[in-house]
Structure formats: C-alpha cells, structure tokens
C-alpha cells in the first residue's frame, strides 16, 4: 500500500550522482509515497511514516487526495522530510472525536515539512451543531524542525497545536476558517503553544474565529513576525492560571504583524486565582485595523460556567511585569471600548508596563483608557487619556 523506493538500487544511485556530491550526502535513505486505502487513508499514512521514520522522505503527491476515518499519530521521527503536496480530508463529525487531542500528530526531531498541500477540516458540521469540542487539526511535538508552506481550511477547532517542542520554525501558513452561515466557528485558534521553547511563527495569513496566536502555559523564547490575522481574537498571551494552576510565559516578541477586524488586538489574559509569572513580553510594530479592544491586559479572565470560583479568587493572579507596547498603530472599532485597558489584581498588581508610539484612532464613542492596579500608573501618559 506504500510505494517504497530504496536508494541502494543502481538507478537510484545514478540519480543521486546526477545531483552531485552535496545532495547525495544529505539525501534521505528511503522515499515512501503515501497510497490510498480501501477504507481509511489514516492507515496508509501511518504505514508510510513508519517505514520512512528514520532518515526518509514521506511524499503526498500533488493532486493526491486522502480521506481520514481515524486519527493519525506519528512518533519517533528522525531526520524526516515530509513533502506534503496533496490534500487530506479530516473525518466527518462524530461523537467519538469529541474532546480528543488532535486528528494528526507529527512528533520527532529534525523534521522538515513543506509542499503546498491542504488539510480540509470540514468543520461546518461542528459549527452547525454548536459543538466546540473537536480535536485540534495538527499537533506538533518537534525539536530542531521546520514546518510550513501549506494550508488548513475549515478547521473544527484549533488549527495548529504545538507542545513539548524546542527550536521549531513554523512559516508560510495559510489558515482559513469561516462559516457559511450564522453559526460561527468557535475555539478555532490559529496557533496554540504549550510547554515549548525557541518557537518562531512567521510569514503567515490567518482568517480564523479565535486567537490569532495563543501562547499558553510554560512557554518561553517565542518570535511571531509578519503575520496577518483577520477576524480573530488577537495576539494573546494566555489564558494562564486556570483553576489556580501555576504557569509561566516569558521572553516573547510579536513584531511586524497586523490584526484586521479583530475582537482584540494585543492581549495578555490570566485567570483570577492563578499563580506564576508573565514577563518580558514585547509587542512592536503592530497594525490594528477596526479592532474592538486594541490593547488589553487582564488578570480577571474567566469562563461563565465557573464565575463563582473566579469571583471568590479575584484579588490575585499571575505576576505580570515587563510588558512593552511599542509602535502600535491603527483604528479602534465603533464598539467604544478603551484603546488601552490594563486591569490587574489588588494583591498581585502589574508592573513595568510601558507604552510608546501608540497611535490608534479613536471612534466617536471610544471611552477613556483604563489602568487598574498598575504600579506607577501615575507616570504613564496612556493611563490619563
């Protein structure tokens, strides 16, 4: 079911020689072309990865199409190229997938994934059912890897879920999820990050229904650059500290990115009662066009179903410090919310939050900026406008 090419054959050896010594020395040992299954292409995809998981190349040919009827889990990949030029269709909505972690997992070290292919999440059935419990489309747990250059459409939930990864570059993604009716796609974050370090996300176009980027628990050393997001919930730190959990996020740089018609622009959100730290977060050269909440820092994040817990723990949250907003420009929406809204906790006030080059045009009904429990707010000009 998997076409398996050995590079020990005489023909393959001649091909390698034709590419020169440099290419031959770095070429993968085997190539596995993913075939179709009679019942579930998840089976043949798994076979291809198993046969080429060490030093191989897995190929989804251009114009090929694959229908998944179960999840795909790959692990222990080492020095693997994934030439993803085809189309993968995720399964139809079924109860068995509710609250699952992912549909496809890529896990290993030194992975290169490219090719211009498409994953179609067929999320409309989930939106129509008001069911926000679908798995993420693609989970990545990869070290020293480069993944990108392909498209995810109609995601039933988060598009990219990155966890337990180090030194990972994500680039040139097109993520496009919209509903064809009034039932909107919920929880369809473009990128969620967990338990990772040294992550770059760049050069991507996003049209989604939730966070453009959500940097969640225990993440550090992140760069987000040259990303355009439409209709999302902004470039977010968090949410963090749910249920009193101890989390951290530090050393994050968002730069040269745009948010258009977004609910939030740049945002830090932590739960009431949470523990831990958020520090050294930098937003530079961000354009916000028609955004409801341009700059938002809150330690009072909560879900309606646990509002009693949040109200009882509202006096403290994570320690938020060294958050810098520089050259944030654009326009606020007609919703009338403040340009700057910093709302921290009495027992864990925010500190060292700075603003420079903030040039966001107000709507006629925009209310005054808010700075609550921000140390040194008397000396912050944005807190008096």
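Just so it is clear, glycine is given a Cβ too, placed from its N, Cα and C backbone atoms.
Positions annotated as active site, proton donor by Swiss-Prot: 210. Around residue 210 (active site, proton donor), the same-chain residues at least 6 positions away in sequence with a Cβ under 8 Å from its Cβ are 158, 185, 186, 187, 188, 189, 190, 232, 233.
The disulfide bond feature in Swiss-Prot is assigned to 212-229 (among others); the stated evidence is similarity to another entry. Less than 8 angstroms from the CB of residue 212 (disulfide bond) sit 189, 190, 191, 206, 227, 229, 232, 233, 234, 235, 236, 259, 262, each of them six or more residues away in the same chain.
In sequence order, 297, 299, 320, 321, 323, 342, 344, 373, 374, 375 are the residues of the chain that are 6 or more apart from residue 350 (disulfide bond) and have a CB within less than 8 Å of its CB. DSSP assigns residue 350 (disulfide bond) to a strand. Feature annotation from Swiss-Prot assigns disulfide bond to 344-350 (among others); the stated evidence is similarity to another entry.
Annotation comment: Swiss-Prot describes 143 (among others) as N-linked glycosylation site. Taking a C-beta cut-off of under 8 Å and a sequence gap of six or more, residue 143 (N-linked glycosylation site) has these contacts in its own chain: 108, 109, 110, 165, 166, 167, 168.
Its Cβ taken as reference, residue 161 (N-linked glycosylation site) is surrounded by 23 other Cβ atoms within 10 Å in the chains shown. Annotation source Swiss-Prot lists N-linked glycosylation site at 161 (among others), citing sequence analysis.
Other Cβ atoms within 10 Å of the Cβ of residue 164 (N-linked glycosylation site), summed over all protein chains shown, number 15. Feature annotation from Swiss-Prot assigns N-linked glycosylation site to 164 (among others); the stated evidence is sequence analysis.
Feature annotation from Swiss-Prot assigns N-linked glycosylation site to 180 (among others); the stated evidence is sequence analysis. Counted within 10 Å of its Cβ, the other Cβ atoms near residue 180 (N-linked glycosylation site) come to 9, all protein chains included.
Long-range Cβ contacts of residue 226 (N-linked glycosylation site) within its own chain (separation 6+, distance under 8 Å): 202, 203, 204, 256, 257. Per Swiss-Prot, the feature N-linked glycosylation site maps to 226 (among others).
As annotated by Swiss-Prot, N-linked glycosylation site applies to 256 (among others), with the evidence given as sequence analysis. If you draw a 10 Å sphere around the CB of residue 256 (N-linked glycosylation site), it holds 14 other CB atoms from the protein chains shown.
Residues or ranges marked as N-linked glycosylation site by Swiss-Prot on the basis of sequence analysis: 319 (among others). According to DSSP, residue 319 (N-linked glycosylation site) is assigned to a strand segment. When other Cβ atoms within 10 Å of the Cβ of residue 319 (N-linked glycosylation site) are tallied across all protein chains shown, the result is 20.
Look at Swiss-Prot and you will find 343 (among others) tagged as N-linked glycosylation site, backed by sequence analysis. The 10 Å shell around the Cβ of residue 343 (N-linked glycosylation site) contains 16 further Cβ atoms across the protein chains shown.
Residue 365 (N-linked glycosylation site): 10 other CB atoms within 10 A of its CB, across all protein chains. What Swiss-Prot lists as N-linked glycosylation site is 365 (among others).
Taken from Swiss-Prot, the feature repeat 'PbH1 1' applies to 165-195, supported by sequence analysis. Remote same-chain partners of the repeat 'PbH1 1' (165-195), defined as residues 6 or more beyond its termini with a Cβ less than 8 Å from a stretch Cβ, comprise 121, 123-124, 126-128, 130, 132, 136, 140-159, 201-219, 222, 229, 231-232.
Annotation source Swiss-Prot lists repeat 'PbH1 2' at 196-217, citing sequence analysis. Looking just at the repeat 'PbH1 2' (196-217), the mean pLDDT is 99.
With DSSP classes pooled into helix, strand and coil, the tally for the repeat 'PbH1 3' (219-241) is 0 helix, 18 strand, 5 coil. Here Swiss-Prot flags 219-241 as repeat 'PbH1 3', drawing on sequence analysis.
Residues or ranges marked as repeat 'PbH1 4' by Swiss-Prot: 249-270.
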Practice prompt. Please give the sequence-distant neighbours of the repeat 'PbH1 3' (219-241): residues at least 6 beyond its ends with Cβ less than 8 Å from one of its Cβ atoms.
Written response: 178, 190, 193-213, 247-271, 273-276, 278, 281, 283, 286, 291, 293, 296, 301, 317-318
Practice prompt. Would you count the other C-beta atoms found within 10 angstroms of the C-beta of residue 229 (disulfide bond) for me?
Written response: 25
Worksheet item: For the repeat 'PbH1 1' (165-195), what does DSSP give as the number of helix, strand and coil residues?
Response: 0 helix, 13 strand, 18 coil
Fill in: Nearest-integer angstrom distance between the alpha carbons (Cα) of residue 180 (N-linked glycosylation site) and residue 161 (N-linked glycosylation site)
25
